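J.: Among the features that Swiss-Prot reports, ATP binding site is placed at LYS9, PHE57, ARG85, THR91, ARG102, ASN112, with the record citing sequence analysis. Look at Swiss-Prot and you will find HIS115 tagged as active site, pros-phosphohistidine intermediate, backed by sequence analysis.
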Amino acid sequence: MERTFIAIKPDGVQRGLVGSIIQRLESRGYQLVGLKLVQVSQELAEAHYAEHRERPFFPGLVKFITSGPVVAMVWQGKGVIAAARKLIGKTNPLDAEPGTIRGDFGIDIGRNLVHGSDGPETAQREIALWFQESELVNWTPATQSWIYE
């Protein structure tokens, strides 16, 4: 089963949107297999955003993600990576469609509420960076037969 990493950033936590964001993924039929509240260290932030290290906005990314608690999650299900990206919406909330998390709740590109892995390799890397295998729970929801053939 495909897995993805989703993080509710400090602005989403501070604004009380954790439940609303989780509910959108649950309502879609995806399964939560890992969840924790994290005060992100400088080291974790720099590792997470490593591909942006040489970009001018890198220091701002690191400063923001370490500015408050983050809800780190692992979700699984058929096509979860692409579906989660659609649910999240475009990076700039002003360009995001209504009905997406960023389109409904976001205003500023620098405070865009949530991060989602952009592909299978990224998901694997991010899950391994944020979670130990022992923190992920394998379980079968009672509704699974109503979601998948």
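Each residue, glycine too, has its Cβ placed from N, Cα and C.
It should be emphasised that the depicted structure is a prediction, and the values quoted were computed from it without experimental measurement.
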J.: What's the CA-CA gap between THR91 (ATP binding site) and HIS115 (active site, pros-phosphohistidine intermediate) in angstrom, rounded?
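T.: About 9 Å separates the two Cα atoms.
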J.: Could you measure between PHE57 (ATP binding site) and HIS115 (active site, pros-phosphohistidine intermediate) for me? Cα positions, answer in whole angstrom.
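T.: Pair distance, Cα basis, whole Å: 16 Å.
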J.: Based on Cβ atoms within 10 Å, give me the single least packed residue among the recorded positions LYS9, ARG85, ARG102, HIS115.
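T.: Each of the recorded positions LYS9, ARG85, ARG102, HIS115 was scored; lowest Cβ tally within 10 Å is ARG85.
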J.: In sequence order, which same-chain residues at least six apart have a C-beta under 8 angstroms from ASN112 (ATP binding site)?
T.: LYS9, ASP11, THR91, ASN92, PRO93, ARG102, GLY106
J.: For HIS115 (active site, pros-phosphohistidine intermediate), which DSSP three-state class applies?
T.: strand
J.: Which of the three DSSP states, helix, strand or coil, fits ARG85 (ATP binding site)?
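T.: Going by the DSSP assignment, ARG85 (ATP binding site) falls within a helical segment, counted as helix.
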J.: Over all pairs in LYS9, PHE57, ARG85, THR91, ARG102, ASN112, the listed ATP binding residues, work out the largest Cα-Cα distance in Å.
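T.: Per the listed residues, the maximum Cα distance equals 22 Å.
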J.: Three states by DSSP: which one describes LYS9 (ATP binding site)?
T.: coil
